[in-house]
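Listed features, source TrEMBL:
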type: REGION; residues: 1-35; note: region 'Disordered'
type: COMPBIAS; residues: 1-11; note: compositional bias 'Polar residues'
type: TRANSMEM; residues: 92-110; note: transmembrane segment
type: DOMAIN; residues: 130-325; note: domain 'Ion transport'
type: TRANSMEM; residues: 169-190; note: transmembrane segment
type: TRANSMEM; residues: 227-250; note: transmembrane segment
type: TRANSMEM; residues: 298-322; note: transmembrane segment
type: TRANSMEM; residues: 440-463; note: transmembrane segment
type: DOMAIN; residues: 451-712; note: domain 'Ion transport'
type: TRANSMEM; residues: 475-499; note: transmembrane segment
type: TRANSMEM; residues: 511-531; note: transmembrane segment
type: TRANSMEM; residues: 551-568; note: transmembrane segment
type: TRANSMEM; residues: 589-609; note: transmembrane segment
type: TRANSMEM; residues: 687-709; note: transmembrane segment
Amino acid sequence: METDSLLTGSMNGAPGDYGSSSGTEDRGAPGSRRMSYSVAGQSCSVDSAPGDEELYLQQAVVFIEDAIQYRSINHRVDARSLRLYRWYYSRICQWGLGLTIAVLLLLAFVERPSSLSISSDPRFRSPAGQPPCGLTEGLEMLCLLIFSLDLAVKSYLIGWEEFRKSKWLIGYTAVLVFCGIDWVLSVSMVCDERLRVRRLLRPFFLLQNSSLMKKTLKCIKRTLPEIASVILLLALHLCLFTMIGMLLFAKSEDPKRNGEWELHFRDFSSSLTSLLVLLTTANNPDVMIPAYSLNRGYSIFFVSFSVIGTYCLMNLLTAIIYNQFRGYLLMSVQTSIIRRRLGIRAAFQILSCQGAERAAEEGVAVDVVLKVMSRVQMKSYYRTAITTEAQQYADVGYMDREQFRKIFDELDKDRIKEHPPLPEYNSPVLQRLQNVFSHYYVTILGNAVALANVVSICTVLVLNSDKSTAERDNYIMEIINMCFILYYLFEMGVKIFAFGWKGYLSYRNNIFDGILTILLLVLQITIYITYRLPYSQWDPSSHGLMSLWEMVRLINMLIVFRFLRIIPDIKLMALVASTLLDLLKNLRAFAGILLVVYYVFAVIGIWLFEGVIKPPPGMSAFSNSSMENISSNFSMECGTYEQLGYWPNNFDDFGASIILLYDVMIVNNWQAFMDAYSRYTTEWSKIYFVGWWLTSSVMWVNLFVALILENFIYRWDRSHSCSVTDVERIRYETSVQLMFREQIQEPTEEELICQLHQHPHLHLHW
């Protein structure tokens with residue numbers, strides 16, 4: 001996964017000095033040097049000073065770390081800057097920055113209007129706890145100070161000239177300045193201001209800290225023209241059918257034939273809204289029933305609209321987004337590979353030019369490579385693999401450029417998890433038992449037992465579904481559970497015997513099974529200690545540590561979770577599960593984009609609609625179907641916001657706004673929210689809901705579908721070379737870089753040399 005590249009300076013900019021604040025300082029800094037390189041003779045030389053070897057090693061270490069993390073190498077390379085650079089990218093510093101972003105975003109839940117109440121339903125919502133003025137503002141100022149320090153470090157590391165080229169860093173500065181001004185105004189008004197505009201800008205800090213999110217925004221920006229053409233077709237489609245519908249369902253002299261007109265085609269706005277909702281199928285078939293009940297021929301209008309709009313144009317939109325997304329990913333991976341190759345090439349150049357005595361030969365000593373690799377911060381199994389490859393050239397003593405590059409190909413390889421060898425037993429009987437218990441059929445038997453356990457639980461639940469807790473007989477269930485738990489304990493023991501502790505724990509399924517087995521055993525022992533040995537007159541509602549029914553229910557829930565052990569043993573199911581895991585691991589940037597969109601729309605929704613919908617006085621939370629004590633202005637028509645009891649879905653606080661936006665994104669009954677807010681405010685409020693539908697359901701959901709398709713197709717193609725047993729034995733560490741490995745074009749040597757020549761701080765001369 002590509003990490004954030006703070007240093008987003010141009011890789012194609014003109015070489016040369018970058019002003020007194022960067023170029024001059026680098027030349028005069030301790031440890032800086034000027035390098036010369038001859039392309040024709042493939043030789044280099046360095047005007048080095050005593051003690052510079054340590055600096056060269058440190059530079060090589062940082063360049064290799066940049067290559068591993070797909071970061072840009074366009075940063076300062078003097079000793080002090082490299083120490084600061086490594087500290088900035090240390091795990092504790094990056095986690096601290098991520099925590100700061102999370103704290104700043106979460107402030108929206110406790111700021112006014114606060115979400116600190118159990119329910120969001122205004123009919124019985126208790127007054128939310130409001131933090132004292134200055135508490136959230138103090139936390140916010142602390143976060144802004146940390147971001148200011150982050151900006152200062154980034155700006156220093158890349159230099160002034162590179163800073164001026166970075167639109168994101170300039171935007172970072174502007175957002176910080178604006179947030180600071182707005183914060184001062186908020187404090188001066190004693191936290192009583194109506195709008196906090198800086199809340200709308202907070203997601204920017206999340207965006208600018210992730211290069212993949214930036215690339216996703218570029219992808220969306222590039223896809224917008226293609227999407228706009230389809231949106232235009234949809235708009236024409238809607239307008240055309242709206243006019244046809246208004247002609248078909250015009251007001252008649254016969255009141256009995258005006259049902260469709262009254263409900264859906266009274267005017268242009270209601271007609272357009274009805275067909276827009278029909279495009280999402282949320283009001284189908286309700287929208288056509290009044291006309292269809294009079295004449296079945298009217299169904300042709302609604303079916304034609306849905307076929308053209310929903311099944312043709314909307315799916316065409318999905319195809320366009322998928323096609324553009326695939327191109328985006330390939331381009332993104334191509335850029336990442338160039339960064340990796342450039343970092344490796346820069347490290348080789350540094351290490352091969354440490355002394356003038358080797359000016360005639362371009363090579364790196366193997367012992368120097370091993371020394372550098374011992375300092376690089378990376379995963380241990382990759383370090384071991386690269387070190388092993390480098391040691392193959394120990395007899396020669398040196399590695400040329402191509403050999404140096406190839407040892408880092410280990411970074412692009414799949415990680416195959418090797419399991420420890422089986423323990424050795426001297427007794428023939430133990431050896432035979434080990435062969436039996438380590439066989440794959442033992443796992444199949446365990447899956448069959450888990451299935452039988454779940455079936456038994458389901459059977460008992462069905463038989464007792466109409467009984468209260470006090471009427472349930474848990475005696476039989478406890479006996480069944482005890483038998484199955486004993487088998488699970490036996491299975492755990494024989495697997496530990498067959499594979500040994502290390503071998504047992506090397507399988508993720510065994511860890512999952514073992515934890516659940518231990519929890520089940522502890523709960524079962526707790527039941528027997530609390531209620532003594534089982535007997536048929538157990539009182540399920542009696543309380544010890546907790547009621548017997550609650551403890552039995554917890555055991556059964558754990559057993560149901562244990563049934564998930566069958567997933568890795570069914571090839572297609574394992575493929576689907578691994579695809580979902582990859583989405584969680586490698587595609588977090590797209591979830592971040594959705595989080596940003598949710599955050600912005602929630603804040604805007606609070607500004608526009610906070611408190612506009614209020615239940616009638618005296619209306620109970622449990623009597624929303626009653627017409628008592630309801631004013632004449634209160635609508636209880638079937639299918640409306642009020643009749644459906646959607647009161648908890650509102651914009652009265654940030655938490656409730658997030659849930660309402662999610663409900664609209666699902667598009668089921670989203671017209672109820674749009675209708676309610678248009679009645680309580682103005683018709684213009686529909687623009688907000690349609691905008692959210694286009695952004696979330698049309699754009700982001702289709703983008704997510706494209707991600708799933710791309711990931712699943714890649715997994716499916718690779719699964720043909722794996723057997724069912726390989727699913728558990730081999731775990732692929734899939735990344736977006738691996739997904740397009742075969743389609744990536746490697747950068748040429750000339751391209752790498754050109755980009756190294758343009759490095760703003762190395763000052764290479766060729």
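Cβ coordinates are placed from backbone N, Cα and C, and glycine is handled just like the others.
Keep in mind that TrEMBL annotations are predicted by a computer and have not been checked by a curator.
Bear in mind that the values here come from a model prediction, so they are computed numbers and not experimental data.
In terms of C-beta pairs under 8 Å, the stretch of 169-190, 440-463, 475-499, 511-531, 687-709 lying closest in packing to the transmembrane segment (589-609) is 687-709.
The transmembrane segment (687-709) shares more Cβ pairs under 8 Å with 298-322 than with any other stretch in the list 169-190, 227-250, 298-322, 475-499, 511-531. Tertiary proximity for the transmembrane segment (227-250) is limited to same-chain residues at least six positions away from its ends with a CB under 8 Å from its CB atoms, namely 260-261, 264-265, 268, 271-272, 274-276, 279, 291, 298, 301, 304-305, 308-309, 313-314, 316-317, 320-321, 694, 699. Against the transmembrane segment (475-499), stretch 440-463 has more CB pairs under 8 A than any other of 169-190, 298-322, 440-463. The average pLDDT for the domain 'Ion transport' (130-325) in the predicted structure is 88.
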